[in-house]
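See structure below.
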Amino acid sequence: MKLLGIFLVASFAFVLSFGEEMIEGENPLEDQRAELTSCFPVGHECDGDASNCNCCGDDVYCGCGWGRWNCKCKVADQSYAYGICKDKVNCPNRHLWPAKVCKKPCRRNCGG
């Protein structure tokens, strides 16, 4: 029983110390927003692990080759452009490119 009490006290102390670190530490989302004061044009190298907000344009994303190498800002084709646009609506640097309304692609009876 004594061992259980020691375990519970140690666990509680660990949880509290972890919570204080999260409160005192910086918010990674705020850091990302501070970094995004510019964006890359189509064809520029980009970081495949970073946000698509790094590439300028509502339908521009960071696309990579096999194994996350040779990453460049690319224009999404019509089938993916809507999803990319919806993802980029909340980009903190969206004011850097001419924003447009995200439009769903025409699936059938497109009047053509």
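Note: Cβ is positioned from N, Cα and C throughout, glycine not excepted.
Record features, source Swiss-Prot:
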type	residues	note
DISULFID	Cys39-Cys56	disulfide bond
DISULFID	Cys46-Cys62	disulfide bond
DISULFID	Cys53-Cys85	disulfide bond
DISULFID	Cys55-Cys73	disulfide bond
DISULFID	Cys64-Cys71	disulfide bond
DISULFID	Cys91-Cys106	disulfide bond
DISULFID	Cys102-Cys110	disulfide bond
MOD_RES	Gly111	glycine amide
SIGNAL	1-19	signal peptide
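Annotated pair Cys53 (disulfide bond) and Cys64 (disulfide bond), C-alpha to C-alpha distance, rounded: 15 Å. When Cβ neighbours within 10 Å are tallied across all protein chains shown, the highest count among the disulfide-bonded residues Cys46, Cys53, Cys55, Cys56 belongs to Cys55. Considering only the disulfide-bonded residues Cys39, Cys56, Cys73, Cys85, Cys102, Cys62 (disulfide bond) has Cys73 as its nearest partner by CA-CA distance.
Just so you know, the Cβ of Cys73 (disulfide bond) picks up 21 other Cβ atoms within 10 Å once every protein chain is counted.
It is 11 Å from the Cα atom of Cys55 (disulfide bond) to that of Cys71 (disulfide bond).
The distance from the Cα of Cys46 (disulfide bond) to the Cα of Cys91 (disulfide bond) comes to 16 Å. Of Cys39, Cys64, Cys71, Cys102, Cys106, all annotated as disulfide-bonded residues, the residue with the shortest Cα distance to Cys85 (disulfide bond) is Cys102.
Sequence-distant neighbours of Cys39 (disulfide bond) (same chain, 6+ residues apart, CB-CB distance under 8 A): Cys53, Asn54, Cys55, Cys56, Asn93, Leu96, Trp97.
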